[in-house]
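Presented below is the structure to which this report refers.
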C-alpha cells in the first residue's frame with residue numbers, strides 16, 4: 001500500500017522490466033506525473049497540463065514513450081531521459097615500440113621545426129586594414145568653465161579638461177559601443193556612448209570632460225578608450241564581435257597646482273641622468289613664472305587636497321631631487337619628470353638619454369603603506385562580522401516582538417522594545433563604520449598603487465630593466481584594479497612574487513621544485529610578503545634576470561646598493577648558519593661604515 005499526497009487524475013500500472021516488480025504512472029491535479037516502482041517513487045516530472053489519461057507506447061521504434069491526454073483533448077508524447085550510448089571504441093592492436101625508429105623520426109621533426117624557425121619572416125605577411133580606427137586627443141588647455149559642478153576639494157576649485165575620441169570606419173558597422181575609462185578618483189562626465197556607422201568612410205567625434213572627485217591623488221594619469229562593435233564578414237554576414245582601443249594621457253595640471261617649494265621633507269629621491277641639467281621651466285611651463293635668466297632649478301607642486309611636492313634640479317651635476325612629506329606622492333612628479341626629460345631630448349635629436357637610480361630602495365616606506373592597507377582590510381572584516389551578529393540579533397528580537405503582538409492574551413514586553421531600539425542604533429552605527437572603512441580602504445589602495453608604481457620605476461632605473469622585464473614586475477605587483485574581501489592585494493602579490501622567486505630568480509633546482517599554495521587566502525600578517533619583496537630585490541641586485549622561462553639562472557654576485565641584507569626563507573632558500581652569519585655581518589658592516597643616504601639608514605632599521 002502507498003498513501004498518495006494528493007488525489008490522482010489518472011492511474012496506470014504496467015509490468016516492469018525488473019522481474020517481480022510493478023511500475024505505476026500516477027498523474028495528479030498539480031500537473032505532476034509520478035512514476036513508482038512498487039511503492040517507491042522513482043521519478044517525478046512536470047507536465048504542461050492536468051493528465052486525465054496516460055499510456056505507455058512505442059513510436060517509430062522508440063520504446064517507453066509516455067502519452068498523456070488533457071481534459072480539453074491535448075495529446076502529448078513525453079520521453080524520460082536519453083538512450084545510453086552503446087558504442088565502444090575498437091581495441092587498438094598492440095605493437096612493440098621501436099625506439100631507434102622513434103629517435104630518427106624525432107630528429108627529423110626537430111630539424112623541420114628548427115628550419116621553420118630560421119625561415120620565419122620570409123613568407124609575405126598581409127596586413128589587414130582595420131575596420132575601425134580609434135584615436136584620442138586631450139585638450140592642451142583646461143576647460144574655461146569647469147564641468148566639475150559642485151565638487152570642491154578643501155578650498156580648491158576643481159578644474160576639468162576635455163577629451164575627444166575620434167572614430168573612423170572603413171565599412172558599415174553594427175552595435176558600436178564606446179567606453180572611456182580613467183583611474184579613480186578621476187571621473188568622466190559621460191563614459192558610455194552608442195554610435196551608428198550606417199555608411200563606410202564616416203567620422204564620428206565624441207567629447208567628454210575629466211575631473212578629480214576625491215581628496216587623494218590618482219595612481220595613474222592614463223586613460224583608455226575601448227570600442228566594441230560587430231563587423232560583418234563574407235562567411236558570417238551577421239557579423240563577428242571585435243574590439244578596438246587607444247590610450248591617452250592626462251596632463252599633470254588636472255590634479256596639481258603650482259606652489260611654493262619646501263626646503264624640508266620626510267621623503268627624498270634622487271634621479272641621475274647622463275645629460276646636462278635642463279631648466280624646469282622648459283619641462284613644466286605651466287608651474288613656474290619665467291625669470292630673467294630663464295633658468296629655474298626649483299619648483300613646487302601641490303596636489304588638489306593639500307599634499308606638497310618639491311622638485312630640485314642641480315646646477316652643477318646631472319641630478320634631480322624629488323621630495324615630499326608623503327612617500328606615495330613622489331610617484332606622479334617623478335614619472336612626469338622622466339617623461340618630460342625623454343620628450344625634451346627626443347626633440348633635440350638626442351637618442352642616448354638615460355636615467356638611473358643609485359640610492360637605496362625605499363622598502364621601509366613602502367612596507368608601511370602595505371601594513372596600513374592590510375590593517376584596514378582586517379578592520380573591515382571585523383566590522384562586517386559585528387554587523388552580521390547585530391543583524392541576527394535584531395531579527396531575533398523582531399520575531400519575539402511579533403510573537404508577543406500576535407498573542408491573543410498579550411504578555412509584558414519585558415523591555416524587548418528597548419533592546420530592539422538599542423540594537424537598531426548599533427546596526428546603523430556599524431553600517432556607517434563599514435562604509436567609512438571602505439572609503440579609507442579605497443584611498444589606501446590608491447596610495448598603495450602609487451607607491452607600487454614608484455617602486456617598480458626605481459627598480460627599473462636601478463637595474464636598467466627592459467620594457468619586458470618591467471612588464472613582468474607590473475603584472476606581479478599590480479594584478480588588481482580594486483580590492484575585494486574575497487581576493488586582496490597582499491595574497492595575490494605574494495603568490496606572484498613567490499612564483500618569480502622559485503622560477504626565473506631561483507638559486508637552485510631545489511627552489512624550482514617547490515610547490516606553492518594554490519589557494520589564495522588572506523594572510524595572518526604581512527611579514528611573509530615583505531620578506532619575499534626584499535628577497536626579490538636582493539636576487540635582482542645579485543644579477544637575477546626577470547623572464548618567463550627558467551632556462552638560465554643568472555649568476556648572483558652583485559651587492560644591492562644601500563646594503564639590503566637577504567632575509568632567509570625556509571621555503572625558498574636553505575642556508576647554513578655560517579653562510580648566514582657571514583653574509584649578514586658583511587652587509588651590516590657596509591651599512592654602518594658608509595651610509596649612502598637617509599633612505600639607507602631607514603632601510604637598515606627595516607632589515608635589522
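Including glycine, each Cβ sits where the backbone N, Cα and C put it.
It should be emphasised that the depicted structure is a prediction, and the values quoted were computed from it without experimental measurement.
Annotation source TrEMBL lists domain 'PTHB1 N-terminal' at 1-84. The feature coiled coil is assigned by TrEMBL to 92-119. Residues annotated as domain 'PTHB1 GAE' in TrEMBL: 156-248. Sequence annotations record features per position, and here TrEMBL assigns domain 'PTHB1 platform' to 251-358. Under the heading domain 'PTHB1 hairpin', TrEMBL lists 360-463. Annotation source TrEMBL lists domain 'PTHB1 C-terminal helix bundle' at 465-540. What TrEMBL records for 573-608 is region 'Disordered'. Taken from TrEMBL, the feature compositional bias 'Polar residues' covers 598-608.
Highlighted: of the candidate stretches 1-84, 360-463, 465-540, 360-463 has the greatest count of Cβ pairs under 8 Å to the domain 'PTHB1 GAE' (156-248).
Each residue in the domain 'PTHB1 hairpin' (360-463) gets a DSSP state, and the totals come to 92 helix, 0 strand, 12 coil. Per-class residue totals from DSSP over the domain 'PTHB1 C-terminal helix bundle' (465-540), listed helix then strand then coil: 43 helix, 0 strand, 33 coil.
Averaged across the coiled coil (92-119), pLDDT in this predicted model comes to 83. Within the domain 'PTHB1 GAE' (156-248), the DSSP-based counts of helix, strand and coil residues read 0 helix, 60 strand, 33 coil.
Across the domain 'PTHB1 platform' (251-358), DSSP assigns 31 helix, 31 strand, 46 coil.
For the domain 'PTHB1 N-terminal' (1-84), DSSP puts the residue distribution at 0 helix, 50 strand, 34 coil.
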